[in-house]
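Got a structure for you, written out below as structure tokens; questions coming shortly.
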Amino acid sequence: METLLGGLLAFGMAFAVVDACPKYCVCQNLSESLGTLCPSKGLLFVPPDIDRRTVELRLGGNFIIHIGRQDFANMTGLVDLTLSRNTISHIQPFSFLDLESLRSLHLDSNRLPSLGEDTLRGLVNLQHLIVNNNQLGGIADDAFEDFLLTLEDLDLSYNNLHGLPWDSVRRMVNLHQLSLDHNLLDHIAEGTFADLQKLARLDLTSNRLQKLPPDPIFARSQASLLTATPFAPPLSFSFGGNPLHCNCELLWLRRLERDDDLKTCGSPGGLKGRYFWHIREEEFVCEPPLITQHTHKLLVLEGQAATLKCKAIGDPSPLIHWVAPDDRLVGNSSRTAVYDNGTLDILITTSQDSGPFTCIAANAAGEATATVEVSIVQLPHLSNSTSRMAPPKSRLSDITGSSKTSRGGGGSGAGEPPKSTPERAVLVSDVTTTSALVKWSVSKSAPRVKMYQLQYNCSDDEVLIYRMIPASNKAFVVNNLVSGTGYDLCVLAMWDDTATTLTATNIVGCAQFFTKADYPQCQSMHSQILGGTMILVIGGIIVATLLVFIVILMVRYKVCNHDAPGKMAAATVSNVYSQTNGAQPPPLGGMPVGQLPQAPPKVVVRNELMDFSTSLARACDSSSSSSLGSGEAAGLSRGPWRLPPPAPRPKPSLDRLMGAFASLDLKSQRKEELLDSRTPAGRGAGTSARGHHSDREPLLGPPATRARSLLPLPLEGKAKRSHSFDMGDFAAAAAAAPGGYSPPRRVSNIWTKRSLSVNGMLLPFEENDLVGARGTFGSSEWVMESTV
């Protein structure tokens, strides 16, 4: 019966346990321990119905993303927790706070970016921490704080770690295995492994380490099994795949006996790619430091910042230290800052900083030094021997206070000064809106002055402005002042006080002045208005000039159009040509024979006569009448008058050419008549001369330059002549040709006789011009037929 009751009780307990097991999980009750196995079940989160008495929990191979505080709450008996091969990217702080019995935590093959200081809080008995194959880029300094003394196995391989909390690693005295391979580590702090006496395996493969700090722990890698103890086991050390810089700093590692030959050097250039254990010890050398650049001298006003630079090269890279003038090593403090590149910043300088600063560059091969001379220009202060000479209530650091107490004292820098006060030695002159000339004088009995200091400020504020002036100057121009403002100014003399070994200062004098008022805005507005007025005036002048020019052109155009019909009428009246073949011309308009129509009392336009006279010579040698137009244009351009161009005329013809001949012939006859009327002898000579060359003159004509002698004559009381043109053989030949047609001939071959009608225009030629025209054609070619 008792046996039956015991079996039923055991079955009931097993049924209760199975009933509490999460879905898709397997729960095992092994004696006193309870295991919950949920590997690769496709879980997206930690099942909430897990028995809190679980000792072993396996959740690997799922898709869990987040770990919260309630996921493992009250699991105080949990010893082994496996969260491998999930997609965990975030662990809420204090999520493992209740897992005080946990011995092993597997977080490998997840997506954790970092480990915060509270991520692993509460794991006080943790011995195995596996966090490999994640995306860890950083680990907080206190992340391992709760299990530093209990941790035995730490695996951080295959991450993106650039550094580790080396101080925490140094305190893991029970650590047996440390896997840091396949990371981005480039530095290991010296002395990190000094206390890790139980370390049996150290893996630093495939990092960026260029050197390893010498440590006695690495000597255990050569210890045999006979000499090994449980407290000092032999060390398995791997550091292949690192770009080792093979210099004197790795000589200690080269002297170790190793069995593998796979390590190679990454630098320097002469040893790059060579097997580490095959390189001779003599080739592991270093270069002493060399300072390449540093500050030589520096002048700083007391209280201001100073920057001292020092750069050095060497192999390995040297460390730079600074030594103050009092042989004190300068470090980082509230007043100074030392940087890794060798720069020293003094944030606030004092008089004690004056002197030589020493830059020391040191490495494993030696050291180099350089000196920087720092000079501090001290702020003015009174020494004990000169304090009684200062005016009452005058303070060197507050000129405004000293000057405001004496506003009614005539502009002095203090109250009622004694008779020998130095304020009178300062004069301010040539005051403008933005500048003033300050002059001062010092008595010959004064100590040797090193420098003068000019202090001034505006009466509207309390900001002092300092100007350092060499001792050789006794005047200074103060610029960049504000217009219409009062200023308080003092001049101080600085010299070395042998009693206090400090720079003593005494007031030479003080003064007050006001700058002149200025109105830049009004002047600017006036200049703008003046500039705009000038632009308007110039534009108006240009527009008026253009309008006047346009009006002149329009008036001239109208005058030309008005005169053109009159010119054409004059040309029509004065150029009446007819070809009669030697016969008498018929009556004009029914008028009696021998009587010509009276032309209107006009003077023929002068430019038309010029056209005929200047183109005459060219027309005689041309075979076409088109050359006459070009001769007219040339004669007009060479004339002495620039008359408006005549109205368009019809194309020149043979009749117009004959009119030119007649004009020249009538001119010569007119001249002969004038000569005959003066002297009897002249009449006979004129008659003979007229019969000799009057017919040849029109053909030759005077040169075109004689066209300026043309003058209009009145039409009344002048004889009118008519000449007939006889074609001679030309007409007979034309009639004899069959069909009344004859081959064309040159016009020059038929100019034998002509008939011209000219009214009132004579060409006054000189006698010598007529003589020059003789001999070209015979007088037989020209026959005067009739004269009316």
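Cβ atoms are placed via backbone N, Cα and C, with glycine included.
The compositional bias 'Pro residues' feature in Swiss-Prot is assigned to 642-651. What Swiss-Prot records for 53-74 is repeat 'LRR 1'. Annotation comment: Swiss-Prot describes 77-98 as repeat 'LRR 2'. The repeat 'LRR 3' annotation in Swiss-Prot covers 101-122. According to Swiss-Prot, the feature repeat 'LRR 4' maps to 125-146. Under the heading repeat 'LRR 5', Swiss-Prot lists 150-171. Residues annotated as repeat 'LRR 6' in Swiss-Prot: 174-195. Annotated repeat 'LRR 7' per Swiss-Prot: 198-219, in sequence order. Taken from Swiss-Prot, the feature motif 'PDZ-binding' covers 785-788. Annotation comment: Swiss-Prot describes 535-555 as transmembrane segment.
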Where does the mean pLDDT land for the repeat 'LRR 3' (101-122)?
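Reported value for the repeat 'LRR 3' (101-122) is a mean pLDDT of 95.
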Count the residues of the repeat 'LRR 6' (174-195) that DSSP assigns to helix (H, G, I), to strand (E, B) and to coil, and report the three numbers in that order.
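Summed by class, the stretch gives 0 helix, 3 strand, 19 coil.
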Take the repeat 'LRR 5' (150-171) and find every residue of the same chain, 6 or more past its ends, with a Cβ under 8 Å from one of its Cβ atoms.
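Cβ under 8 Å, 6 or more out: 108, 124-144, 177-189, 191-196, 203.
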